[in-house]
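K.L.:
The compositional bias 'Basic and acidic residues' annotation in TrEMBL covers B:470-487. Residues or ranges marked as domain 'Cation/H+ exchanger transmembrane' in TrEMBL: B:79-466. Here TrEMBL flags B:470-493 as region 'Disordered'. Taken from TrEMBL, the feature transmembrane segment covers B:21-41, B:69-87, B:99-120, B:132-149, B:161-181, B:193-218, B:230-250, B:262-283, B:295-315, B:321-339, B:413-434, B:446-466 (among others).
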2 protein chains.
Amino acid sequence: MGTADRPTPPPAATPRPRPRLATPITVALVLLPLALLLGVLRLGSALYEAPAAAVSAAAGHTGGALPRLLLALPVVLLACRAGAALCRRIGQPPVVGEIAVGVLLGPTLLGAVCPQAQSWLFPAQLAPCTDILGQLGLLSFMFLVGLELDLKALRGSGRTAVAVSQAGMVVPLLCGALLALGMYPSLAPDGVAYLPFALFLAVSMSITAFPVLARILADKGLTGTRLGTLALACAAVDDVTAWCLLALVVAVGQSGSPLDALWTALLTVGFAALMLTVVRPLLARLAARAARRGAPRGPGVLIALFAGLCLAALVTDRIGVHAVFGAFLFGVVTPRGSIEVERAAERLHSVAVPLLLPLFFVHTGLRADFGVLGADASAWLWCGAVLAAAVLGKWGGSTAAARLSGQGPRDALSLGALMNCRGVTELVVINIGLDLGLIGPELFTMLVLMALATTAMTAPAVSALLRRRGGDGHDGHGAERLPDPELRTPVGV
Amino acid sequence: MGTADRPTPPPAATPRPRPRLATPITVALVLLPLALLLGVLRLGSALYEAPAAAVSAAAGHTGGALPRLLLALPVVLLACRAGAALCRRIGQPPVVGEIAVGVLLGPTLLGAVCPQAQSWLFPAQLAPCTDILGQLGLLSFMFLVGLELDLKALRGSGRTAVAVSQAGMVVPLLCGALLALGMYPSLAPDGVAYLPFALFLAVSMSITAFPVLARILADKGLTGTRLGTLALACAAVDDVTAWCLLALVVAVGQSGSPLDALWTALLTVGFAALMLTVVRPLLARLAARAARRGAPRGPGVLIALFAGLCLAALVTDRIGVHAVFGAFLFGVVTPRGSIEVERAAERLHSVAVPLLLPLFFVHTGLRADFGVLGADASAWLWCGAVLAAAVLGKWGGSTAAARLSGQGPRDALSLGALMNCRGVTELVVINIGLDLGLIGPELFTMLVLMALATTAMTAPAVSALLRRRGGDGHDGHGAERLPDPELRTPVGV
């Protein structure tokens, strides 16, 4: 059992060259140049005996807005996420939680309980940044709403939808104008004429939130039913009408003379016509050609869509109606059906909206202060009046219109309840009103509360109506599925 | 053929209720409230005979940074996209085109040819916004680089990789320090001591861009080969080492006293240790629990990851090393393998990076001005010296180290050529140097040129070496595929 028994080393079966590296070589390889390096550094230090002054210019540079944003962004995102999760658990659409969190992070709760925390979390220097980020999220969102708005889906129930929606908008417009008649002396900002104030309030009463509605319908399993399809079609018509009315209001509110307003309105109509008649076929042809050449790899389509929505938003902003109108319009004219466009939209939807839109809710929440209403009984009365006018006008008006156009009573009531959902669209509208100075912070707060309340009441109301309908069997085929719903996944929120 | 022949109306076969809506009813339904509305508006206008003043406060509000951004963003995105497409066509990685476009949009070309266009496109008021957006893109990118850095992939060729990479870093460090010895009197900003200046220049010479490298390897079909795997492993070790060195340089450069620098270094090491030993297992456990409960719907994981990378970036920023270090570190400790994490990373990669990172390139390009070098012959000499030191140090050093550790001559040369690729990582480093005031705009420009040149020379050099190798057959198994490459899709760029 001597040296002879020692097993021979196995032959290197693999042709892979083993690294000949020995530890001493590594050490030498690293240490030698390292020693040289230290020598050179020492030599240089000796040569240029500069005072070892701190690079004082540095401290201010890496400071600034970035660290503030790196704190505020996660706080906002996580808080909104928590609010959304809570709402989903209690059967509410997540957007209710996100709007509520935005309000709670503002002067209403955080600012009232701990003003230092609020000004530390959202310092004034940060506002331009978060506002811009929120606006980019909002523009992406509005683009997706426009893209979602498949005008073809209107064909089936087009006439009824247009009738219900238009009639269902005129009643809340009337309610808003009546409300403005009473409110104007006490709640209109100084220097605002009655006409823009009343027009704005009227439009803000008549809003339906298309995306939140789609979400609620999906949650209730109504997507593709007759009621669901009709509601979506009505909401789509509502959306288009509301944006056109808003464009008009902004034109009236922003330009001094009626001539200017007319000019703005003309430009807007011209731009919309250009988008629909020239840009839409052009984009469709481009998309068809791209599809023939094979799907392009990489983020090209996403970049093209994002650039397009920015440019369209820029045009409408320059015209004098709001940037969101352009983004929405670009969504409407973007050709559907291509896988690449679907994928780019899905990506925008799954990244830009969840990461950026919460900043818009916070932007809104920071401007709303329920503390202002707190002391004043008449303010709360007005707040109640706003809510009542909104609910009666939209729910009542839509129900009446639906009933007159031949829907059963329960279906008409359900349709009215769905149309009463205001969601993000309402927030966009009232932020524009505040930006334009058409309403003051007090009325803004009331309208935020109204938006929150009408959005939150939709899902329970529809649930209750559907449950009762199951019993009386009056219109049982309301939940019958259409053969080809032609409905895409809702934009969500 | 009288009335008797008139066909009877077909019985309503479908139970679907036909809308009873007649056109007159619709008209009445819409017109009556509309008339009322107009009446109310007229009444209100008569009651509150306010002067029809323009809402003058409005004009300034919707203005501001948003329209500027809506113009600059599409221009930047489309220009960078065009540059990237052009580069892909000539066999270059797209990032070369994006960096070049950033430089061309800056004072180098656009600012020199048409300064009005440049200041119109990128006004000073817009800079904070675009910088923040670019930084968010960069942080997302660095997070993805960290996530890409699968430390497990090192196991196969770990020792060789560490040896080649460490030795291949020390030589360029030495070259940088030598260069600084000559440059310090003429090119160092006033008040900067030799040590931080030299350290910074040394680090900037030793960078390898992991993501661009992965992209080039994929383009050349080298991913999964022995050469490709070794190159990626070396680049990964390089990346970690470079970020640690940079953290040290920033600590030395930013804090006045050596004690402060030591403190910063200690905090950094402590934070990195905390992330690796506490946060990493914690996240892994959270991910495992989430996987057991079923994949969560919606953007929850994406939001969690984004919030995490922001917070980690905030911590390293506050410690005094740069925010990118934290984002990178958070990427390293994020648990891999979960489908949800992969999807969130893919989304961040396909949206945040292409839409935001180009702004970082423009941010870099706006700070580099080749016109400054134009007149001065000695500046161009220094520029050549920087390029020579960078190429000789990194390519030469890595080749020597690879040769010594047992690679064949061609493989060693190819590996050196790959390690010489600097890409985005170099831009991050030199921007930090400029922010800290460690280098001036002149040296910054030279380093941008060096980064661009070394990135652009990688792909052709590797192609040429591989072509020749095919002929002499010395090391033909270099392109042999490993059984399990364990390589994920490259981060791209």
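The backbone N, Cα and C atoms fix where each Cβ goes, glycine too.
Because TrEMBL annotations are produced automatically, they should be read as predictions rather than curated entries.
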K.L.:
Grab the same-chain neighbours of the transmembrane segment (B:295-315) for me: Cβ-Cβ under 8 Å, and only residues 6 or more beyond its ends, written as numbers and ranges.
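P.N.:
Same-chain residues near the transmembrane segment (B:295-315) but 6 or more away: 139-140, 143, 271, 275, 323-327, 329-331, 334, 339-341, 343-345, 347-348.
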K.L.:
At a threshold of under 8 Å on Cβ distances, which of B:132-149, B:161-181, B:193-218, B:262-283, B:321-339 pairs most often with the transmembrane segment (B:413-434)?
P.N.:
B:193-218
K.L.:
Can you tell me which parts of the same chain pack against the transmembrane segment (B:161-181), counting only residues 6+ beyond its ends and a CB-CB cutoff under 8 A?
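P.N.:
Residues 154, 188, 194, 197-199, 201-206, 230, 233-238, 241-242, 245, 385-386, 389-390, 392-394, 396-398, 400-402, 404-405, 415-416, 419.
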K.L.:
Using Cβ atoms and a strict cutoff of less than 8 Å, what residues sit near the transmembrane segment (B:230-250) while being 6 or more residues removed from its termini?
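P.N.:
For the transmembrane segment (B:230-250), the list is 145, 149, 151, 153-154, 156-158, 160-162, 164-166, 168-169, 173, 196, 199-200, 203, 206-210, 213-214, 217, 222, 261, 264-265, 268, 316, 320-322, 325, 328, 398, 407, 414-415, 418-419, 425, 429, 432, 436, 438, 487.
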K.L.:
Report, as numbers and ranges, which residues of the same chain sit near the transmembrane segment (B:321-339): CB under 8 Å and 6 or more residues beyond its ends.
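P.N.:
Beyond its ends, the transmembrane segment (B:321-339) has Cβ neighbours at 135, 138-140, 142-151, 243, 246-247, 250-251, 264, 268, 271-272, 275-276, 279-280, 283-284, 287-288, 290-291, 295, 305, 308-309, 311-315, 428, 432.
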